[in-house]
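A.B. asks: Below, the features straight out of TrEMBL:
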BINDING   N102, N112, H117  oxalate binding site
BINDING   H115, H117, H161  Mn(2+) binding site
DISULFID  C38-C53  disulfide bond
DOMAIN    67-215  domain 'Cupin type-1'
SIGNAL    1-28  signal peptide
Amino acid sequence: MATMITLPRSHFFMILSLIVLLPSACRCANPDPLQDLCVANLNASISVNGFPCKPLSEVKSDDFFFDGLRKEGNTTNVFGSKVTSAFVIDFPGLNTLGISMNRVDLAPGGINPPHSHPRASQIGVIIKGKVLVGFVTTANVFYSKVLKAGDVFVIPRGLVHFELNVGKGKALFLPAFNSQLPGIEILATTLFASTPPIPNDVLTKGFLIDAKDISDIRSKLGS
């Protein structure tokens with residue numbers, strides 16, 4: 001059952017600083033806006049690199065406010081984690097602004113499994129718990145550190161990374177991105193639960209495993 005978590009005041013100021021500084025500290029992954037606002041019209045019939053704007057006459061205050069990150073996510077799944085997004089598809093007021101964020105809840109021992117964001121760099125702050133954060137470069141170098149509440153981390157654009165709860169209780173962190181829609185590729189589900197499935201010969205040769213291993217992984221993923 002979802003519960004309400006009140007974030008310490010100091011963490012709110014830290015998160016606010018991250019959101020304000022992220023776009024100015026690095027080149028946004030999305031084009032610069034050409035007007036004050038462009039609330040996404042998610043129901044538009046045309047397709048563009050992003051979303052077309054709502055007519056200004058249809059824009060409302062609620063387009064610029066989002067309460068979806070208030071509640072604790074349900075972590076009763078194979079990974080023991082839950083990502084709650086605040087991307088443009090959830091929060092239309094972000095359209096053309098080149099920023100977004102989400103909330104990640106981790107059960108004890110839970111992991112936000114190895115994944116990448118092809119369209120954005122990421123900066124995050126640990127709100128609660130003890131989390132091992134790590135990423136691997138294209139030179140196959142692994143960087144990691146165990147972080148606690150108030151610590152901040154950064155993940156360069158497109159690199160594979162993960163967050164593992166190594167504490168005794170629940171963990172929570174809030175990442176922000178320099179894209180309104182950073183995209184995500186979770187390695188396990190991308191490779192072993194795609195539609196249609198990747199041929200077994202590719203996976204057995206690529207990962208040096210046998211067909212039974214593939215079947216076991218797909219079963220655990222519910223594929």
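Including glycine, each Cβ sits where the backbone N, Cα and C put it.
No curator has checked TrEMBL annotations; they are predicted automatically.
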A.B. asks: Could you tell me the C-alpha distance between C38 (disulfide bond) and H117 (oxalate binding site) in angstrom, no decimals?
C.D. replies: 24
A.B. asks: In Å, rounded, how far does the Cα of H117 (oxalate binding site) sit from the Cα of H161 (Mn(2+) binding site)?
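C.D. replies: Roughly 9 Å, rounded to the nearest whole number.
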A.B. asks: Distance check, please: Cα of H161 (Mn(2+) binding site) against Cα of C53 (disulfide bond), rounded to an integer number of angstrom.
C.D. replies: 33
A.B. asks: Using a 10 Å cut-off, grab the number of neighbouring Cβ atoms around the Cβ of H117 (oxalate binding site), all chains included.
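C.D. replies: Within a 10 Å radius of the Cβ of H117 (oxalate binding site) lie 24 other Cβ atoms.
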A.B. asks: Enumerate the residues of the same chain, N102, N112, H117 excluded, that satisfy the criterion Cβ within 8 A of the mean position of the Cβ atoms of the recorded oxalate site; list them in sequence order.
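C.D. replies: So the additional residues around the site are V83, S85, V104, H115, Q122, P175, F177, P182, I184.
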A.B. asks: For the domain 'Cupin type-1' (67-215), jot down how many residues DSSP puts in helix, in strand and in coil.
C.D. replies: 22 helix, 60 strand, 67 coil
A.B. asks: Give the number of CB atoms, excluding that of H115 (Mn(2+) binding site) itself, located within 10 Å of its CB.
C.D. replies: 17
A.B. asks: Taking 10 A as the limit, how many CB atoms besides its own sit near the CB of C53 (disulfide bond)?
C.D. replies: 19
A.B. asks: Give me the sequence-ordered set of same-chain residues, not including H115, H117, H161, with a C-beta within 8 angstroms of the centroid of the Mn(2+) site's C-beta atoms.
C.D. replies: P114, S116, Q122, F135, I155, L159, V160, F162, I184, E185
A.B. asks: Measuring Cα to Cα, how far is N102 (oxalate binding site) from C53 (disulfide bond) in Å?
C.D. replies: 23
A.B. asks: Where C53 (disulfide bond) and N112 (oxalate binding site) are concerned, what is their Cα separation in Å, rounded?
C.D. replies: 33
A.B. asks: Just jot down the residues in the same chain as N112 (oxalate binding site), at least 6 apart in sequence, with C-beta under 8 A of its C-beta; none if empty.
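C.D. replies: The answer is F79, S81, V83, V104, L106, F162, E163, L164.
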A.B. asks: Please give the maximum pairwise Cα distance, in Å and rounded to a whole number, for the oxalate-binding set N102, N112, H117.
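C.D. replies: Result: 13 Å between the two most distant Cα atoms.
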